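Now, the feature entries from TrEMBL:
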DOMAIN    1-55  domain 'Laminin G'
DOMAIN    62-241  domain 'Laminin G'
DOMAIN    243-280  domain 'EGF-like'
DOMAIN    279-342  domain 'Fibrinogen C-terminal'
DOMAIN    488-653  domain 'Laminin G'
DISULFID  Cys626-Cys653  disulfide bond
DOMAIN    654-691  domain 'EGF-like'
DOMAIN    714-899  domain 'Laminin G'
TRANSMEM  936-962  transmembrane segment
Amino acid sequence: MSFGGIPLPGKPGTFLHENFHGCIENLNYNGVNVIDMAKRRKPQIYTVGNVTFSCSESSSVAVTFLSSTGSFLMLPADYSMESLSVRLQFRTWNQQGLLFSVPLSLDPDPINLLLQLSQARLLLSLSGGTQNSAQVFSGENLSDGQWHSIAIEVKGHKVSLTVNNQKPVTMEISGFIQNMQRTTIFIGGCPLFQSDFNCETPNRGYQGCLRLLVINNHPVDVLQIQQESLSNYSQISFDVCNIQDRCLPILCEHGGQCIQSWDQFYCDCSGTGYTGATCHNSIYERSCEAFRKTGSQSSVFTIDLDGSGPLEHTQVNCTMAEDKVWTVVGHDHMRIIDIRGSTPRSPFVLIFNYTISPYHLRSLVTSSEHCQQEVIYRCRKSRLFDTWDGTPLSWWLDRDGVKRTYWGGFLPGVQQCSCSLDGNCRDMNYFCNCDADQDTWANDTGVLSYKDHLPLSEIAIGDTNRTNSQAELQIGPLRCYGNRFFWNSASFYQESSYLHFPTLQAELSIDISLFFKTSSLSGVFLENLGVRDFIRLELSSPYTVNLTFDLGDGPVIITIQSPVALNDRQWHYIRAERNVKEASLQVDSLPLKLKEAPSERPYRLQLSSQLFVGGTASRQRGFLGCLRALIINGVTLDLYERAKTTPGVNSGCPGHCTSDSVCHNGGRCVEERSGYTCDCTQTAFDGPHCRTALAASFERGSSVLYTLQEPFSGILNEEARRSPAGFHDAEATKSQEKVSFGFLTHHVPALILTAYTLDQHYMAVVLTSNGSLQIRYLLNKEKRTEKFSPVSSSLADGRFHWVKINRKGQELFVQIDNTITQQYSLSPGSALSPARSVILGRIQGSDITDKELVQAGLRGFIGCLSSVQFNQATPLKAALQNSQSPFVTVIGRLEASSCGTISSLNTLSKIHTHADDSAKTDQGKDPLKKADQKDLALIGGVVAAVVFITLCVLAIIIHFLYQHRRTPAPSVITRKTHHPSMEHPAFRTALDLHKPNHDSKEYYI
């Protein structure tokens, strides 16, 4: 092993590449100090060339420019020889900033030479004068926190720029007269009060470190400047470089890329499948159940089984059935396999590789309510068990590699096939059809449904080596449905009771979600303590939910005030999150409350006690009511099982809303006295179970104008105010909107939806001239309209399409027909004030200057729109059901339609099918003669009269008996039935604004 160079074999002193020039310190290899051994001339060390064992100390003195708005250093420079040179080294994380500004001429017009960082590149430009406007770029990625050297030389009418000793770039200067003997170089920025100076700062000053400053070949002693005068600089630290690597350690999660500036870091979550300040939250649903709630059809979907947990997102097949949705996972041996020539000692072995990883499989099976896998096995003279002693001749391995010998059902200890469990084996002396060992084909197909053993990982068939022995095997996919955790609940009926769990792992980030219902005035949902740190989530009053945490420097409190009481014995949803960048709290569909953390604040939440759920360590202010679906960092806590052994707590919750399967598309299950109802107010659907799609046909010129109401305007402005706790109160920080709708059309171009703000910013969804969908944003009038086209193919094909748009901050997600998902990033620095109106179809008299959008807006939309939702607003539903509302304006003709109802299409097809069948049935039959028809008519009339008289007599007799023998009937209370189903928390219940039902009988005390 060589250090400092790679010598050629057999030629000492000759190197393959240029050897190292410089100083190496603390050189250790496997614990051996190589430099120390070379000093003592150990025989193991061979030294070539001039190697000394001392390093000369650098005499450079660094300075730090602390502020991008107030820091500057002003130095004089001679310019009498028509030449000027400046050399320096700089180091920063910021991509923008002025390095220096130099006046080159004062009369007749001032001309300045500027060197600035622009998008991590160096921009050399000339400003001022009537004919002087030139600029050149040089360098790449110069904001990487490393030292970079630059050299500027002005000579005659040329300026050259050299970066990191690379090839210089030059810029011509013409049309000005050099009339200055001396000039002033402004480094890092300009003085705030510069009436006597000719300094120019284009955007922002420089924030970073600087050293080895040389002007006209004379090194600048910055320490001497510090001692001589205080007026030549401002907000500068001398003899130190205060740069800090805020991406070490990397605090971005799930593979997010850390990007930093001088005083903070950001996480780029592009392509990770996660979103949020630290890429903590998954952008995908956790199960197929969520897609059923939105009325999606069977397809391949991307899901994230553990949400913010460590498992990555994956693709599964979601099969929508009438009463449930199946998650289907295939493998690499789905076809029928013919097996011959195998013995118990040399069996035919098949190993299964599934389309998702073993970790995903385990998570899916664990969280599902039911899983099964079909084993199709046909045999001829091929036994599964030995006839004499029952030794298995074939077997399979479960997901943990354990050998199993049962072939159907959910009883793992029973060595039988499905026919034995069902009692229909062809020979009742055997437990399997194949064990009869007959020379005819038999079938031992079974369904394995014991979840702890699924899915199969391997199968072995060992009795097909005899004469005429043969077997056919086919293993079906793993099929699961339901979410056994979503209705995992517990009831707390003593204030001093609580459930305890292990300490939260919440040092850097934590997200908490749960559902609760109560009639109490207050109560603590959960609490976890440390030596000084703690985190607590509580209902502090009937209208108030608080998230409180302390990182050791004082408590931070985030509060949400609800316009309606939360102790109304109805289910309410809470989601809280805290990470190193921010903390947030949301209740039902109320606006998110968010606070950003300052960069210099402690960021580790250090907890040590147990997690208390439903109470506190002091056994005071405990929660009375029901909690369910408590999920922390993607892990669901088993409240049901823990409550079985805890005094004062019962497993499960009373009430009728124990399943949301009857309330679809985000509809809310509302407790009633003897049943429940589905509240569809905050959905774009209607009907008893929120399944009826509300659609309308638009003609040329038709439009719907909907005025949004607070607090659900949805698109929020980015403002931050510093709170006493040291956080930035950013209640309206995250600008966002969620839009979903279905449509059917043949006409292009078309304007489907437009959302306006008070300052005429907008977002619009259009179909372009070629039929492709395009989403447009105008977030800043000083910038161009941003356009995003998820697909290039035409959607104006007369078929129904479903579109979902979700934007949070600068991240935009678009989904079309549940098959195409695209992610985009909007330009930084753009904020959208609250949206005030949403327009469907044609726009009337707008101030929009985008010609393409104006052209589409004049045509409007011709076709069918269905289930339009903009955040919590449902403009199409309001236009169809409440057109007299002052918030809705309908222009042109608007008719209700059924284009968004899949069942209507099926009904039409069935009607046509039956008509065709009846027509086909009638064809080929000879028509009846007229005489035959008359005879038949006469006979039919006589029969009808006899039947009518008989029925009348029977009715009189029954009435007479009823009057004399009737007894009081017991009262019957009917209520709707509902079936278990699991709904993902992402499709949480909307804010319930109805009047509380005080007659609902549920007791917690």
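Each Cβ is built from the backbone N, Cα and C atoms, and glycine gets one as well.
Fair warning: this is a prediction, and the values are worked out from it, not measured in the lab.
There are 25 other CB atoms within 10 A of the CB of Cys626 (disulfide bond), with all protein chains counted.
If you count C-beta pairs under 8 angstroms between the domain 'Fibrinogen C-terminal' (279-342) and each of 1-55, 62-241, 488-653, 714-899, the highest count goes to 488-653. Listed in sequence order, Ser489, Ala490, Ser491, Lys517, Cys626, Arg628 are the same-chain residues six or more apart from Cys653 (disulfide bond) with CB atoms under 8 A from its CB. Counted with DSSP, the domain 'Fibrinogen C-terminal' (279-342) comes out as 5 helix, 24 strand, 35 coil. Residue counts for the domain 'Laminin G' (1-55) under DSSP, helix first, then strand, then coil, are 6 helix, 11 strand, 38 coil.
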